[in-house]
Ligand SMILES: Nc1ncnc2c1ncn2[C@@H]1O[C@H](COP(=O)(O)OP(=O)(O)OP(=O)(O)O)[C@@H](O)[C@H]1O
């Protein structure tokens, strides 16, 4: 039987950074839209700039591994960003290419393209066949190529090669290979053979029309090309290289998509998985051994060995130049800037086919590379064993027993449901009491805010909401930027967040960016952000918290954090003590800094003091428990 052996490509300890390319699609106007001009533009083959939303006379500059402007052809994108990583999969390593970006920014165009302008997928598959063909017979290896194609729709893994498939499970074996038992894996002998399976399967993908894109992808589509090479002579070593080609669903803002009903539900699932993707990126970048939340969404679970794992990865961030995409573009660029700091550790996955019984070996070969479904039993056994012995080097990152966010939310609901009547009544009484307190606090807050507003008007300061129209009405902001080039003072205000050394930790980048972007923002006292010995920010302990069950408290905190990170204006306003102004400030903070990694980050939002934060927490946790 085949034996798995420790990976052995000469103890390859090389690390490979995720390459990040940004592609700007051409400007597109519809007759009913006024032409505002672009809000983003390229500077050279690696740099671009976007208007600073806080001040239209400034721009924010970004530096990436590659910048592809509007004129870049499909062939050029492929040659510069994708082709170089493909040879690795013939050596038993994993590679992945994924397209990220807002709805309608060109992800499907980049990955799939059209018959006239084929995209990354057809070009990459053709190239894999060419690479195998070019291999010298004398090297002594035979190659077999296979494909699987799936979509993640509403957190369900569906086999696109088998349209009637049910939600499939995702598993991991002891070698940290991600497996999907039951997923079709079809051997392909040529590019036209691939096309024969791929084209009809693509039509199975879930798409729908939204306000922003007539044919918007509502799912993440993942094409897997597996290359298995087997030594012809003894010891018949076998190496498996996987190539993931991923067309992510668009990140979107439901205020602009006009999504309702089923579209809104889809959008929730899309945003949740992309949010988890961003949390995974944050954890990987933090460089600490905190749990990387791969398991919180199917997408990140599946991409686990492509992010911070064992793959050579390329992320192509697609962006659109029109003003209506401005905030989406800004978020996508910030996300891409974070991803650039992830380091993968590629290594070869190898098995040795021990020639004990030829019949058994033939079955192993069949399992590893030929047509049919993933071998269930063996893989499940492997996986079970790896879970038991905890032998994997990074087992502490994602303990299999750790429940996902969804699981934990469900558990919370169950807890509420199963509560004894007596307990429920007393809980509800507490909630009613705290609601009363919240109402009083809210009134005090409103009073305070109107005083603050009056004060700032007297001081002649512009609020952020007043700044927005200035930006929107600006018809040629990038030209404004050009005229500023002669003003040295303004030049100093231009931010170049990613021109800081790549090795600089993200936290430092955020600080650097904050100092330069938020010119008018009051500097926070350092003591506000000082870490306490237990790693949490120095926020006062609240007695009421200690009376709650810690797991319930934790669930409520997760729930609030999720709203803070993914909620639209209305959803933010549904939080206790968050009015229109605060919700806008939170949205603004998110646009600049990305996501809140922990609730205490809320203190960094303008106007949120420690005291207000404590009161916010109390109100919202009690309210969340009351629902
Ligand atoms: N580089 C480009 N050159 C020409 N047309 C493009 C380019 N990029 C995108 N387009 C066009 O823009 C439109 C939207 O692109 P596409 O459907 O690829 O976006 P998407 O990001 O995949 O959107 P969604 O997330 O909603 O699926 C399409 O009509 C596409 O042909």
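Glycine is treated like the rest: Cβ placed from N, Cα and C.
Looking at the stretches 389-423, 424-458, 459-493, the one that TrEMBL records under the feature coiled coil is 424-458.
Listed ranges 316-359, 360-403, 536-579; the one TrEMBL annotates as region 'Disordered' is 360-403.
In this model, the coiled coil (424-458) carries an average pLDDT of 59. If you draw a 10 Å sphere around the CB of residue 106 (ATP binding site), it holds 22 other CB atoms from the protein chains shown.
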